[in-house]
Amino acid sequence: MPDIQEPSIEDGTFTNQLALRKLNRWQWWLLVALSIFFLIVGQSAAVLLGRFYYDQGGNSKWMATLVQTAAFPVLLIPLVLIPSREPSSFSASPPSIKILVLVYFSLGVLIAGDNMLYSVGLLYLSASTYSLICATQLAFNAVFSYFINSQKFTALILNSVVLLSLSAALIGVNDDSEGPSGVSKGKYIIGFLCTLAASALYSLLLSLMQLCFEKVLKRETYSIVLELQIYTALVATCVSVVGLFASGEWKSLHGEMEGFGAGRVSYVMVLAWTAVAWQICSVGVVGLIFVVSSLFSNVISTVSLAVTPIAAVIVFHDKMNGVKVIAMLLALWGFASYIYQNYLDDSKARKTRNGVGESYNNS
């Protein structure tokens, strides 16, 4: 996502910055730390549980898609407990209901399609390989942000794109790569392409959401970000339920539960906790978007994708051959380039905000 924008009274961003300044430094860092914890733990746990579901006999791609958004009511808790208040003098005129419905529906359908691609990718790939490929979302994000959000394409960003692309290419051409439980080479390629496509679509979604905040919602408060997450997740959940029944996969769910390797109770618990884990991740994403920036939220999401392969080696004993290790190092190098550029942009934006804040106080 693009770096923190210059504060604007019209779009409500300046209001957010004034509210955040009222926090003590330790309170700000506590919010950032909690959000990072929720994002990394939630995303890593969700990926590992999703791989466990497939390993133990689960085979429904639509069910794996459904659980990624089905627990969206969890987001109502922070929405109620942490209301976002805006002074009336900074409030922009809200968009019409028709526009909001169109935006939420369109984004929700795209999210459902993206989740399906991720589900197919995880079905045919090991958790470590899957996570390394997903790290390319940062490279796709830089490209889409350049064309959609007018983000500058600096030397550091270009370096990041090249390194992350090389990381994905190494995984793709690795002759020793194989999916879980002897998945054929053909299905491995399908999983690779679906995961790559999902990463690209996810990055496109982030850029479209940022564009939505700028052009449609015209403000980015905590409650507005949460509402966008909730309504798009509702649409995605409905699409997933329709897909589950239209595909006929619902007929096999009872047999799938009966034959689940870890038992019937574990089957239900795995699906339930996978759904909860994804929403815990969403809480972290929303928190970082509001407290820091959309770009920083996406960067931390990529960090968790670097943590997951290590966890997968410990939990599932995934193979970490030399190619995977090099791919991970390239991904981390690309991530470091991206976050350093973010640091430079944030320092510049912070100076601008301080100047605007002083002008506002003087007025």
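The backbone N, Cα and C atoms fix where each Cβ goes, and this holds for glycine too.
The transmembrane segment annotation in TrEMBL covers 28-50 (among others).
Per TrEMBL, the feature transmembrane segment maps to 62-82 (among others).
TrEMBL lists 130-148 (among others) with the feature transmembrane segment.
What TrEMBL records for 155-173 (among others) is transmembrane segment.
TrEMBL lists 188-213 (among others) with the feature transmembrane segment.
The transmembrane segment feature in TrEMBL is assigned to 225-246 (among others).
Among the features that TrEMBL reports, transmembrane segment is placed at 266-292 (among others).
Within its own chain, the transmembrane segment (299-316) has Cβ neighbours under 8 Å at 36, 39-40, 43-44, 47-48, 51-52, 55, 126-129, 131-132, 134-135, 137-138, 180, 284-285, 288, 324, 328, 331-332, 335, 338-339, 342, counting only residues six or more beyond its boundaries. If you look up TrEMBL, you'll see 299-316 (among others) marked as transmembrane segment.
The annotation transmembrane segment is assigned in TrEMBL to 322-340 (among others).
Contact between the transmembrane segment (225-246) and the transmembrane segment (28-50) is not supported: fewer than 3 Cβ pairs lie under 8 Å, counting only residues 6 or more apart in sequence.
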